[in-house]
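Comments concern the structure below.
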Amino acid sequence: MFVKKGLLLVVSGPSGAGKGTICKELLKENDTIKLSVSATTRKPRTGEVDGVNYFFISKEKFEEMIEKGEFLEYAQIYDNFYGTPKAAIMECLEKGQDVLLEIEMQGAKQIKEVCPEGVFIFVLPPSLEELKNRIVGRGTETEAEIEKRFSCAYEEIKMIKDYDYFIFNEDVKTSAKEIEGIISSEKNKVSRYKNIIIEKFKEEL
């Protein structure tokens with residue numbers, strides 16, 4: 001057998017769609033998938049741990065990392081910056097380990113330009129009404145922030161055209177299983193591994 005390069009799994013969706021909860025469930029059931037920890041300038045939410053959920057850094061530190069070219073992608077979302085550190089991800093993929101990125105649409109677009117072979121998955125809410133209920137239910141945003149996120153949701157959903165797959169998140173466990181199915185399918189995709197397969201059997205002649 002040959003060692004398959006790891007899959008870069010990029011999961012996005014509008015705020016409140018539940019992408020973070022789905023990713024937690026996916027990681028809980030699949031210890032072979034490594035979560036890429038993003039850096040952000042926003043303040044931690046209740047229960048979030050530095051270095052686990054995000055690297056919470058200052059705006060000055062973030063700008064320094066941009067200057068050094070240490071991000072695979074970065075973007076400004078609302079009033080904060082988010083970025084994906086590059087080195088650790090590339091190392092994991094070369095070793096054959098799958099890496100999961102939960103990022104916003106701006107960041108995903110940059111990732112696709114650099115890593116077009118990635119697997120891009122868009123998480124949709126069952127409805128816009130349910131989306132708003134989820135954002136309100138988090139209790140982490142002010143009323144103005146809630147309205148800002150909700151008003152952006154439709155524009156964000158229109159960006160689905162840049163993705164490979166979509167899932168409607170009505171149930172977290174079901175959604176995680178759907179992503180597992182996508183991973184299985186991608187790992188046996190001829191277009192992804194055809195050259196390696198042909199080379200393997202050529203060497204055996």
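Each residue's number is its place along the chain shown, starting with 1.
Backbone N, Cα and C atoms are what each Cβ position is placed from, and that goes for glycine too.
Per Swiss-Prot, the features are as follows:
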type	residues	note
DOMAIN	6-184	domain 'Guanylate kinase-like'
BINDING	GLY13, PRO14, SER15, GLY16, ALA17, GLY18, LYS19, GLY20	ATP binding site
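Looking at GLY13, PRO14, GLY18, GLY20, the binding-site residues in this record, the fewest other C-beta atoms within 10 angstroms of the C-beta turn up around GLY20. Within the model, the domain 'Guanylate kinase-like' (6-184) shows a mean pLDDT value of 90, rounded to a whole number.
All chains included, 23 other C-beta atoms sit within 10 angstroms of the C-beta of SER15 (ATP binding site). Among the binding-site residues GLY16, ALA17, the residue whose Cβ has the fewest other Cβ atoms within 10 Å is GLY16. With a cut-off of 8 Å between CB atoms and residues at least 6 apart in sequence, the same chain places VAL11, SER12, GLY13, GLU102, VAL123, ASN169 near LYS19 (ATP binding site), listed in sequence order.
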